[in-house]
Ligand code: EPZ
């Protein structure tokens, strides 16, 4: 398995470009299942998760063609509305084919994603919503099996804010008979990007980005072209890397538009952040001030940036509290950061981080996507060499990571 070797101690400087958002591309590529006409997507990030989803769509009968960041999907003939365990277990967001398949084919058989490192991550809200729309749903032998001649519009209320739950139900509602209202909907920008794509296909959606989304079902959707929004979590990750190393960088093809909570925290930590039209500049102080973090659904501080800020706080001056309110087990990076010398105490869903002057390089292990990013940031500031194992986690969500870090002056290389 590949490893990443990082020589710490370099202040990041320079410029690199941000890729399309993984968490927008995944639901948006699934939206192609809703129409018989071809769909073209641009600014699609080249990531393992995207490759996995395209393979999954291909085995359903979707014709897939790809030219770098441009993907064309033709779902005119879906002959196998099934998402098998072998594929779903490697990429839980495969659950996003469930809503579109039921809406388009009247049937779907999708493997339950199962848990993952950060939590149980059930899909009960996805199922509850489809049942409310008239689908007969059974869960047997590890598969969700949904059948309905045609979904009907309904008033849906999710027990908690769920991003992919909102996305699945919004896609399903596009072809339902009548109006669907999703209350307590997720307001994440990726939900809005998906809604914009669906509207371009002829869907009738209002309220995306608020906690009440209305969808008036139509008979069919047309093909369209859609450009995937920039990845705000990739953006935040590089901003944190520059902040932790006392660097000065510029990120292009992105914006602070959906990062207010993160940018506020970076400024509280002592960074200067300047927003340009489609770029961001950050200049960090020699040493950051520790900042308290509490994760919450958008527009509050994103859980996907929690691990990166734990790395920041590990070397900042002062102590800080980090509260993780979304997932039940999203502190696995803490024990790995402790191997690098971080002073972190975990108590349930709260971590108290006491900043230290210096981290020491060591061998550490990535456990999940954002935890891996946290270890990269720590490795960039640690004294000496840090070896990060199991970096396949990183490859799921960060396109050309070592190339982009090298463009910012980092001493990083991948070894098999
Ligand atoms: C999405 O996951 C993102 N993934 C996650 O990003 C992100 O961390 C998460 O939203 C929260 O923002 C994609 O968009 C592909 P949820 P999702 O449903 O939709 C519980 C990354 O690093 N829940 O909003 O799976 C759930 O257990 C990934 O890029 C239920 O109980 O998250 C969690 O505690 C990690 N039942 C909470 O709700 C359900 O039916 C929020 O989960 C659905 C969710």
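From the backbone N, Cα and C atoms, a Cβ is placed for every residue, glycine too.
Annotations in TrEMBL come from automatic prediction, not curation.
Annotated features, as they stand in TrEMBL:
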- 7-405: domain 'Enolpyruvate transferase' (DOMAIN)
- 22, 23: phosphoenolpyruvate binding site (BINDING)
- 92, 121, 122, 123, 124, 125, 304, 326: UDP-N-acetyl-alpha-D-glucosamine binding site (BINDING)
- 116: 2-(S-cysteinyl)pyruvic acid O-phosphothioketal (MOD_RES)
- 116: active site, proton donor (ACT_SITE)
Just counting, how many other CB atoms are there within 10 A of the CB of residue 121 (UDP-N-acetyl-alpha-D-glucosamine binding site)?
17
Around the Cβ of residue 23 (phosphoenolpyruvate binding site), the count of other Cβ atoms that are within 10 Å:
25
Using Cα coordinates, what distance in whole Å links residue 116 (2-(S-cysteinyl)pyruvic acid O-phosphothioketal) and residue 125 (UDP-N-acetyl-alpha-D-glucosamine binding site)?
18
Here are some recorded positions: 116, 123. Which one has the most Cβ atoms within 10 Å of its Cβ?
123
From the binding-site residues 122, 125, 304, 326, pick the residue whose C-alpha lies nearest to the C-alpha of residue 23 (phosphoenolpyruvate binding site).
304
Once the chains shown are all counted, how many other Cβ atoms turn up within 10 Å of the Cβ of residue 92 (UDP-N-acetyl-alpha-D-glucosamine binding site)?
18
For residue 304 (UDP-N-acetyl-alpha-D-glucosamine binding site): DSSP state (helix, strand, coil):
helix
Mind computing the max CA-CA distance among 92, 121, 122, 123, 124, 125, 304, 326, which the record assigns to UDP-N-acetyl-alpha-D-glucosamine binding, rounded to whole Å?
22
Indicate the candidate from 124, 304 with the smallest number of other Cβ atoms within 10 Å of its Cβ, considering only these binding-site residues.
124
